């Protein structure tokens, strides 16, 4: 699960919504994934647009979000080697959307679509790869040949992102935040006067004597082995009944003895 330590909570919440939406409704030719170790690194696989030298290739890229995102634009890098005027040898992407034209209201979906459009219409005037930019302006066929060679060698289909991975990550993230909030509330509500748990039936309790000293008093519980509460009550009732019957027999016997003595006197 992602740590997200470098991003404020409101940005994390926004990203979670965006990533879930991208996972459930991806833009054409773009599949998004997340870094399980750092939620601020967004991965995407971009399919080479048809009719371009990048056709049939799959290019993996990443967006790095800084701690003050979205006030500052993310940095984009191609991880797959590509021959393109606006993509440097180290993979850095040069596009106005990620520089002077950046607006905090722009979402990840817009950024990814712009990057894919860059494969359709390069801008050699602002080239980071001067060789590719010059070749595109002077000899398009040679430029396209180089780009197709790079695509065939480096842009082979990548292992697909696990289906539903983003939804799982964002769900886990929301659960984590919810649990943390509940924990904080519980800690605040745990006041000194809060109700204490009831003691176990076998736990000794104390009673206060007249001399203000506490004396231990055993708490008697019903037998637990081989008897239920009702069985004990029944046995007690039977015993009392037998004792009552014996007392009655003894009383009757005393009455008979008294009558015999009276008859003898007569």
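Just so you know, glycine gets a Cβ as well, placed from its N, Cα and C.
Residues or ranges marked as active site, glycyl thioester intermediate in TrEMBL: 94. If you look up TrEMBL, you'll see 192-208 marked as compositional bias 'Low complexity'. What TrEMBL lists as compositional bias 'Basic and acidic residues' is 243-255. According to TrEMBL, the feature compositional bias 'Basic residues' maps to 256-266. If you look up TrEMBL, you'll see 10-156 marked as domain 'UBC core'. Per TrEMBL, the feature region 'Disordered' maps to 192-216, 243-266.
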Confidence summary for the domain 'UBC core' (10-156), mean pLDDT rounded: 94
Count of other CB atoms lying within 10 Å of the CB belonging to residue 94 (active site, glycyl thioester intermediate): 18
Residue distribution over DSSP helix, strand and coil in the domain 'UBC core' (10-156): 58 helix, 26 strand, 63 coil
